[in-house]
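**Student:** Sequence annotations record features per position, and here TrEMBL assigns domain 'Cation-transporting P-type ATPase N-terminal' to 4-59. Feature annotation from TrEMBL assigns transmembrane segment to 49-72, 78-97, 242-262, 274-298, 674-695, 707-725, 752-772, 778-796, 808-830, 836-857. Per TrEMBL, domain 'P-type ATPase A' is recorded for 112-224.
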Amino acid sequence: MRDWYNYSWSEVIKELNSSVKYGLSLDKVDKSRDEFGNNKTLNLKSKSFIILFLKNLIQLYSVSSIFTAVLLFLNAKILVACFILGISLTCVTIYSIKEYKNENRLDHLTKIAPSKALAIRDGKSIEIDPDELVVGDIIYLEEGDIVPADARLIECYNLKIKESAITGDNKLVEKYETKIEDREILPSEMKNMVFKSSFVIEGTAKAIVVEVGDNTKIGSITKELLKSQNKTELLDRKVYKLINLLSIVFMVFSICVILYNFLEKVNIEGSTKIISLIWLIIVPIQIMMIVIVISLIIHTKNKKHGIKLGDLSSIETLSSIDVLIANKVGSITEERLFVRKIYTNGSIVEARSDEDEDNKHNIDRIINIGLLCNDAHTNSDGKIVKGDFVDRALVFYGKENSISKRDLEQSQERIFKIPFDYERKIKTTLNKLEDKYRANVIGAVDKLLVNCTHIMKNGIEVEITTQDIMDIKSQDLKLSKESLYVTGFAYRNFNYEPSINENIESNLVFVGLVGFENPCKENVQGYMDYCRSLAIKPIIVTEDNKITAQSLGSNLGILNKNDMVLSGVEIDNMDDDELEKFIEKVSMYSRISSKIKSRICEHFKKLGYKLAVTGSKFTDLPSFKVSHIGIATGKNCTNIAKELGDIFIEDNDFKVTLDLIKNSRQLLKSIKNIIVFNLVIVAIEFLAVLCSSILNKNIDVKYSQIIFLNFITVILSSLMIYSQFKNIEKSNYEKVDIDKTVFKSFSSGIKVYILFVVIASIGAATFNTAIGDNLWNISMFTVIDLSAIFFSFYFVDYKKVLKNKVSILLVILTIISYLIFVQAFTGSIVDVLKNIFWNSKVIIGILIVEMPLISFIKELDDDKR
């Protein structure tokens, strides 16, 4: 995609072989369509909620639940059947709603489409279907139109466009047809371009189509949003796969039960009970409910802290990164500059010192240049509301010296501006000074000096000498080594009004250098150590020159002994093989373009690194696309960056990002622990019920006991494990995967514990059956339920649980729920009191036996790990 805004409109017409008067001929239309394609964009027909619901309904866990519910309905077990069906349909509905919202994120893009376009073909103005437009078509725009394709303006009259679909900004943008010199600017700054799906609010225009279909800005954005859609819900899919895998085990077991009972001629009621109990035990649908609850909690908590997460999949990706690329400003330095030192008249002065009279005239001239060649805007209260950091710093410094930008602009009217250019690295304005004119120029010192023929000394213009140039370069180097951002200031006077096509940036008078300080945040070196402790390589991107970057990186601990700084100019002259040799040694990049940034990301990915990139502008989107995860940051982040980033963090601070990465690793480990915990309880229940049924066919396991255990005790205990996730002490190099490998987490100690609980529960059930006391026939359930409560402590630190009010509350709530449930099996008040007394002894007994055992196997497993 070419930067058409850098071309004059006549050059664009010539390049695309069109005619401003006659447009394209029919032959050229066909040729253009073959070369560039048509104007149709992606088909964004989103799936209906019904389709998504049915898709989730045919998941194995859902099919198995429907099968089980039907069997129960046939045997008049209405309540249990309704519960199984209800819990399954609830999960299906919630996941379908999540997918439906994700599917319809792009609906607003499809609604912004014009019904017609007015174009010139073969010298005639004709109305055509916008889909039929091709590159090179000349189109007309007027008030009320929707722009049908990306186009370069040829002529316009009072044209105001609303580009909210592209930039996310609802403000009106005034357009003009003049060529723009800037490189790598935001779409909102491309004033000579109009974009597809924008609204013409006022004025008329004539333009030439330069991009159609998926190559338009809106088409590119749509494609990226679709890609981000495909990246979402990865963690949910993994949970799906795990539960579906266990659903297959259930189905195999069910078939075996049916065949066995058929051969043994056992009544269907017995088969139905075994199958339905096995479904409740072996298909841990409660894991899905736990993940839904945790996702909601995380989303709510992060929203309060200005962090927006798409879903838990973003957390999963973030937890695995080992390279973090961040912009210097905002992440490790404050989002402001101030004038620190000035070099003029052959000496360096402190910006806030009392200068002598020899320097005053030169310094005033520097301030005047800085305020006139300045795009900062102030409101009625004098507060700066717009402008880059250099512009803002100069306005503030002018105020300190009693020089007002507004007053200067009123007395020295701006005639035109030549914007900053990535290649020229200078910017210029022409201002009228009484009956004369002055070009005010600011920019990179090396680029500025090439164009200087004179120098101001003591307020007088004299011819610049080789020694002057050497002194200036020496002082530039000195200021850069003090980690200052250095900019040069020059001017040129005219007795006449020069045109924008003249080379007014030549024969300049050099005035001086300004060293801007970008204050560092506290403890930046600690941030770097923190980052490396997480096994992440920090890479900082800065607009400072290489020398300043080197000085800053060494002072702040960004650069280790063998680390390097590379500049954009150096990388431009490297081939891919050469860049790949250096890339692992570089910790700072100086003055790189968005294309170079993307190139760096591609090389890191090629070398097998997991990469996260932070950014806030439209120009950061290519690196978002290449990286594994894009993090939009800052209060001034563009809406489109927020939309296309995987994560948005309002506080653009390096430590906030690092804390989120650390928390994501702890959280993912906690979720894995919860899944392992659930599977351990599944194993205990399954083996206990199976073995007790084989050994003692008189044991009656009730549906309500299994439902209470899995959907009350296990869920509350899982939330207790989650509440302790920030206390997880996890190796920073350990990668956490949630898939079939979770079964490998069944350590020898866990297997011993499972065996112990199964034997204890069967023993209790056999004993109570032998003595024939119906009051105590809940003992097998009692052992398993209390074991589940106590086993949750295997995944947490006991001492830290006691310091967390939420954790304590969840444990107490779980035990109270158990006691309340047990009362449902007793009748009279005497039996209730007797049961409470009995269960208190049971709880204490199991606690005395199991907690030392859990502590022992935990220490054993920790030692092995």
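Using the three backbone atoms N, Cα and C, a Cβ is placed for every residue, glycine included.
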**Student:** What does DSSP give as the helix, strand and coil breakdown of the domain 'Cation-transporting P-type ATPase N-terminal' (4-59)?
**Tutor:** 30 helix, 1 strand, 25 coil
**Student:** List the helix, strand and coil residue totals of the domain 'P-type ATPase A' (112-224) as derived from DSSP.
**Tutor:** 21 helix, 47 strand, 45 coil
**Student:** Any residues 6+ beyond the ends of the transmembrane segment (707-725) with a Cβ under 8 Å from its own?
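**Tutor:** Same-chain contacts beyond the flanks: 80, 83, 87, 280-281, 284, 286, 289-290, 293-294, 297, 663, 666-667, 669-671, 673-674, 677-678, 681, 685, 781, 784-785, 788-789, 791-792, 795-797, 800-801, 804, 806-807, 810-811, 813-814, 817-818, 821.
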**Student:** Per-residue pLDDT averaged over the domain 'P-type ATPase A' (112-224) comes to what?
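**Tutor:** Mean pLDDT for the domain 'P-type ATPase A' (112-224): 85.
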**Student:** Mind checking which residues reach the transmembrane segment (49-72)? Cβ under 8 Å, same chain, six or more beyond either end.
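**Tutor:** Same-chain contacts beyond the flanks: 78, 80-82, 84-85, 87-89, 91-93, 95-97, 99-100, 103, 240, 243-244, 246-248, 250-251, 254, 272, 275-276, 279, 283, 285, 288.
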